């Protein structure tokens, strides 16, 4: 990892890690989907499950990204990706990230055609049953998320500090060839990196301190984004606890100029950040001031996600 991979705190940018994770997932999924004779295809990212940043990756360390296919349905592939950092001077290694991604194979001849996925062999019958359960859960969650994706962010005139309007941010990006796959659509990793940048700006504006990505809830890729599109990545604060803040980020795409289609919601997710001192120690997060009924509703929804995640972590610690 090199200096141009760093965030303002001096560690590797969370978006860079997400991009590497997606690249590994895309490679192994595409390789598997083309492992049998048939129509050539490219695996497209459909969803990323919750991803925790267990430990920062430092500049000068080597990042080892490993991927494994853990489940296949008829038209999708589940990939588990682990990231391990290594200090090549001392030999010390640590796991920094674990992620689960879902891909679908799209035909190179017809980008709107989803091909069948070659099955994998499971060591135990229980592995297939557990994978099917995860598949059904993510399928249902993706549908529910898409149904509630109608919000837009409007600028606020002279907003007060620590309000939603004060820290909300947007980034506009023209999708070029270097952003895209062989099919001419944006790499999922490129999109996630831009989303993390916007979420980081929102968090920094709210806290006025160094901030780092702590986790990312499920990232849902609702529709493909074509080369030449203009995408708007928008972020807003939805919830704050004493030590963390949740930021909703979504990506809207304006299609290529010669296409009649109107703007559409392409991707959505929730990012969690923490505030750090110059010494890298956690700092209290200023309480988010909600003003409208929608902001109060989103705050309560964020609080529910926070408490649910907290309960899951406590249960995992007790099991360990």
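Each residue, glycine too, has its Cβ placed from N, Cα and C.
As the structure is a computational prediction, the values presented were derived from the model and not from experiment.
Under the heading active site, TrEMBL lists 7, 196. Feature annotation from TrEMBL assigns compositional bias 'Basic and acidic residues' to 294-304. The feature domain 'HotDog ACOT-type' is assigned by TrEMBL to 1-109, 165-279. The region 'Disordered' annotation in TrEMBL covers 292-320.
Distance noted between the C-alpha atoms of residue 7 (active site) and residue 196 (active site) is 11 Å.
If one looks beyond the compositional bias 'Basic and acidic residues' (294-304) by at least 6 residues along the same chain, the residues whose Cβ comes under 8 Å of a Cβ in the stretch are 164, 238-239, 246, 248, 270, 288. Long-range Cβ neighbours of residue 196 (active site) (same chain, at least 6 residues apart, Cβ-Cβ under 8 Å): 13, 14, 15, 18, 213, 216, 271. Sequence-distant contacts of the region 'Disordered' (292-320) (same chain, six or more residues past either end, CB-CB distance under 8 Å): 50, 164, 215, 217, 238-239, 241, 244, 246, 248, 270. On the 0 to 100 pLDDT scale, the domain 'HotDog ACOT-type' (165-279) averages 93 in the predicted structure.
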